[in-house]
Protein chains: 2
Amino acid sequence: MTAHLYDLTLADGRRLSPYCWAAKLALAHKGVRFETTATRFVDIGKVAGGGFKTVPIVEIDGVTIGDSFELALHLERTRVDSPALFAGEGGVALTRAAAAQGAYLLGKMSRPMALAIHDGLDAETQAYFRASRERMFKAPLEEVSAEPEITIAAAREAMTPLRILLRGQPFIGGDSPLFADFLIAGLFQWARVVGAVDYLAGEDRIGPWFGRLEERYGATLGATAG
Amino acid sequence: MTAHLYDLTLADGRRLSPYCWAAKLALAHKGVRFETTATRFVDIGKVAGGGFKTVPIVEIDGVTIGDSFELALHLERTRVDSPALFAGEGGVALTRAAAAQGAYLLGKMSRPMALAIHDGLDAETQAYFRASRERMFKAPLEEVSAEPEITIAAAREAMTPLRILLRGQPFIGGDSPLFADFLIAGLFQWARVVGAVDYLAGEDRIGPWFGRLEERYGATLGATAG
């Protein structure tokens with residue numbers, strides 16, 4: 001059976017959300033076919049019966065799941081013969097640590113990208129995005145995305161633990177990728193789709209790691225416009 | 001049987017190394033009794049038959065293990081009925097991510113502490129420590145530990161992902177501690193033993209987390225002088 005994912009979109013159809021990318025990689029990893037519906041920020045509350053505030057929203061196995069981590073747990077429970085996403089209880093707990101690291105990175109990486117994301121949205125969605133992000137950052141978007149050389153350097157600094165880790169193993173999950181890889185890869189894919197900052201440039205450990213994921217999930221990562 | 005751990009010491013007997021603290025917490029977690037020998041930086045190469053360059057060095061089950069992560073893997077393999085340190089293969093891989101995060105934190109936390117550590121060593125060890133650390137930091141120790149308000153702020157910034165994680169779960173390992181907790185707790189215990197910087201002060205998530213570990217491993221964490 002085919003799963004259905006409501007996928008955040010820019011005005012031109014390019015798929016945005018790092019957590020949707022993590023969800024799509026998890027589905028691909030488990031061999032689950034899926035279709036996506038391009039969904040604007042302002043329409044999230046209207047799809048899948050309503051009531052969801054964030055994406056991804058995934059209809060699968062007769063249930064609707066509104067969170068990428070919950071989706072990954074569901075996939076691990078229901079697809080035990082497919083490659084693992086967590087590989088045990090310890091893996092689940094420590095993937096929460098990777099998610100915390102990802103949330104921190106998201107905040108850092110988003111600053112120099114914020115205005116470019118805004119500019120890629122339709123007018124109605126721009127108004128929503130500007131209001132919500134300016135509340136979050138406590139500053140106008142023009143200020144958040146000012147001085148990109150400083151904010152990009154801060155984001156690169158925050159990637160240091162990932163660089164240290166990838167000295168010793170090809171994937172965050174060890175010899176093969178786990179959901180922790182997809183959570184972090186979603187961030188780099190999001191940045192790549194927006195295109196304002198090339199975070200993979202000059203990264204001699206993170207770049208090849210992302211390349212290894214592209215080798216495995218090229219069809220998924222290549223579907224940037226849906 | 002009792003294990004034996006060569007434990008890094010300051011001149012007055014206070015036990016220093018974050019990785020020795022991680023090892024002692026792992027032994028305590030698995031219910032393994034151990035004794036320690038106070039060991040100076042300059043004597044590491046002479047103990048346990050020689051040939052080791054770093055601590056902890058642990059004699060256990062007829063083997064000698066020179067690395068806290070390897071010790072934890074050995075304990076997990078040989079004490080399957082005791083509480084888990086990794087809880088599965090995914091846990092092992094993602095504990096490497098926690099270790100990378102720890103290595104990054106270690107670098108940040110050590111700057112404002114470096115001169116205080118030096119001053120706590122005997123004269124022979126001071127000379128070794130100064131030379132090796134000045135090579136590492138590419139600066140005199142006095143410069144490394146200058147402007148502590150700036151370096152402490154940088155260390156606190158690097159703790160942000162840990163704060164985010166502890167919003168959602170009591171331990172890094174989830175509902176109970178895993179080796180990842182001990183790797184990070186070792187850093188805070190190291191700082192506490194040195195006493196130059198109170199990294200737990202004002203930390204309303206990290207402080208209570210460390211307190212929960214003290215509740216469980218108070219005897220181990222209390223043995224700061226061996």
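Using N, Cα and C of the backbone, Cβ positions are placed for all residues, glycine too.
TrEMBL annotations:
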type   : residues  : note
DOMAIN : A:17-77   : domain 'GST N-terminal'
DOMAIN : A:105-195 : domain 'Glutathione S-transferase UstS-like C-terminal'
Residue distribution over DSSP helix, strand and coil in the domain 'GST N-terminal' (A:17-77): 28 helix, 13 strand, 20 coil
Taking every residue in the domain 'Glutathione S-transferase UstS-like C-terminal' (A:105-195), what is their average pLDDT? 97
Let's see if you can do this one: DSSP helix, strand and coil counts over the domain 'Glutathione S-transferase UstS-like C-terminal' (A:105-195), in that order. 68 helix, 2 strand, 21 coil
